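The structure appears below as structure tokens.
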């Protein structure tokens, strides 16, 4: 009976994960990928091309995993993503069929002809005054300048916005036009990144649920997923392509450690995760070491644990060295490596991380209630210190490993407000 109930809950969990992921992914399309309309699209398309060609800046060039997944897989999955504002402007610039009477009526409602004519009149007055100052008392020069300005027929650019926008669309540079044209191959690549984000968000949710089940009931594990997704919007200002990819692999590493699965599999997960964020994967070695240290008493067993911890630490470090020295030696950092001075003087480097991790911080005293957290929590200290020294923690996506690690702790703390037992069932 329990097996049947467990089996029937899997489709429900998958449906919930898919819905939550679709909502969040759609939000990032508007708030992250489209926040500057076509400029955002152009910059992201350009970044993809630079990474694939090996010409991007460090350290993004070393995080090539998500780009190759899109280049050879995800961009061929035709999931549509709605960006109404960008789509509207694209049609304004590129489609004569867009400019129906209804569309022109909308322009008229927001930007009436009388207002446009008033702007033209004010500009004509300003231009004439400028010409009079330039030409002074030379009537001949005044007339010549006014005739030249009049021949430009600039007034129609304001009084007839449809013609103006279509003319602008026709004369866009090719590399910018492909960003404006939502049917272009380049935008298919961008959609591939969004689709990859969608699927890896689902994977992150499922793995987070599985991680939570080691400490919580099914209901509270689902609550931990909802809590995680409710906090994630704070990451969207600086959301990276690799964010959910790295989160999913970090969670996979946590599960392999807590379930004491194959060490070889853990090494493979860390290696794959290093193609997304090696700086996150390196801390799995500390968690592995802390979780197993008290388990072994013999010298040989302790020595073997040291070797395993060293190996898992070395994988992302060696990967980064090979990427920077051998694969992409030309990739240069676009900012200073040490960011501590910036963070000390930038208040959002403190405000956003505190907000992002506030709920787990409130219930930090629950750490000692679970053996796993009691033995492994220490990794958070060097991780946070690293991000304050060489990164910018106002970009709170950098702190997602801490969030997903501490979500079960937060839920255990919140469970004190529930009248039922929410411990692991």
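Glycine is treated like the rest: Cβ placed from N, Cα and C.
Taken from TrEMBL, the feature transmembrane segment applies to 12-31, 198-216, 278-293, 305-328, 348-364, 376-392, 398-415.
As a quick check, the transmembrane segment (278-293) and the transmembrane segment (376-392) clear the bar of 3 or more Cβ pairs under 8 A, pairs 6 or more apart, so the two touch. Counting residues 6+ beyond its ends, the transmembrane segment (198-216) has Cβ neighbours under 8 Å at 13-14, 16-18, 20-22, 24-25, 74, 79, 222-225, 228-229, 244-245, 247-248, 251-252, 254-255, 258-259, 370, 372, 404, 407-408, 411-412, 415, 422-424 in the same chain.
The stretch with the most CB contacts under 8 Å to the transmembrane segment (348-364), chosen from 305-328, 376-392, 398-415, is 398-415. Counting same-chain residues at least six beyond the ends of the transmembrane segment (376-392), those with a Cβ under 8 angstroms from any Cβ of the stretch are 279, 283, 286-287, 290-291, 337-340, 342-343, 346, 349, 353, 367, 398-399, 401-402, 405-406.
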